[in-house]
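Taken straight from TrEMBL:
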type: DOMAIN; residues: 7-221; note: domain 'Cytidylate kinase'
type: BINDING; residues: Gly11, Phe12, Ser13, Ser14, Cys15, Gly16, Lys17, Ser18, Thr19; note: ATP binding site
Amino acid sequence: MSAYYRIAVDGFSSCGKSTLARQIAEVLGAVYIDSGAMYRAATLLAIQNNCIRDWHLDTGCFMPVIQRATIEFRTTDNHLLLNEKDVEKEIRSPEVADHVSEVASHGFIREIMVQMQRSYSEKSPVVMDGRDIGTHVFPDAEVKIFLTAEPRIRAERRYQELQEQSVNISFDEVFENVKKRDEKDQNRSVAPLRKADDAIEINNSYLSRSEQLEQALEIVHKKIGDVL
Ligand SMILES: Nc1ncnc2c1ncn2[C@@H]1O[C@H](COP(=O)(O)OP(=O)(O)O)[C@@H](O)[C@H]1O
Ligand SMILES: Nc1ccn([C@@H]2O[C@H](COP(=O)(O)OP(=O)(O)O)[C@@H](O)[C@H]2O)c(=O)n1
């Protein structure tokens, strides 16, 4: 039992986890943690240090690099700081998206990230989104939500977002990346993506942002209404 509550929001790529987790944290006054951003930062670091070769992470190359690195969230705007530099934009690039599931499949990287993720929950209530939050990071989280949406709808949402940022990428490339990451994230040997047995599923394919928040808050109030 932790001193503070933990709300886990897990699910497939681009289904709206960050949007929902951020909304819940805002309503409850909890800290929002984007665990995917941490794996994306590790991936950016691996690319910058030429530790990815032929689509594989060279672990001998990357181990000393990641051990020296700092990965933090700036408290003022929640931007991710990699070695004290704001990399919020770079970690969302298609190049990082292409390599992140490979980097995130390595146990030594996950151990470093999970340790940081757990330490956040010792200081305040957290809403954390990711792939293994309810199954591995906080297996006894007070609230577990598993978000899903149809693959094509998820790819359309991510494509739309990238278009708005003028990123030069086709819908097919985005769709391919979404499918590949889902496949790799579900089939890795360490803490694979899956719905925790006690997670409650929300399919938001045809829900608006406010409808998904409403459903999630109903779950939260049922589970931890007494401590809020
Ligand atoms: N219910 C929804 N309906 C339509 N678009 C949504 C919904 N929820 C989130 N989005 C949009 O979908 C995209 C992916 O959402 P995001 O929260 O980044 O997903 P994830 O964290 O799962 O990758 C974003 O552009 C976001 O604004
Ligand atoms: N808890 C987590 C969060 C992300 N990840 C990895 O990091 C990648 C990027 O996560 P993300 O949440 O930013 O991805 P999107 O759903 O936003 O596209 C995922 O595809 C996983 O490979 C993970 O392995 N475990």
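Each Cβ is built from the backbone N, Cα and C atoms, and glycine gets one as well.
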Restricting the binding-site residues Gly11, Ser13, Cys15, Thr19 to those with Cβ under 6 angstroms from ligand 2 leaves Ser13
Among the binding-site residues Ser13, Thr19, the one whose Cβ has the most other Cβ atoms within 10 Å is Ser13
Here the 10 Å Cβ neighbour count for Gly11 (ATP binding site) comes out at 26
A correct count of other C-beta atoms within 10 Å of the C-beta of Cys15 (ATP binding site) gives 29
Listed in sequence order, the residues of the same chain lying six or more positions from Lys17 (ATP binding site) whose CB sits under 8 Å from its CB are Val9, Asp10, Gly11, Gly36, Asp129, Gly130, Leu147
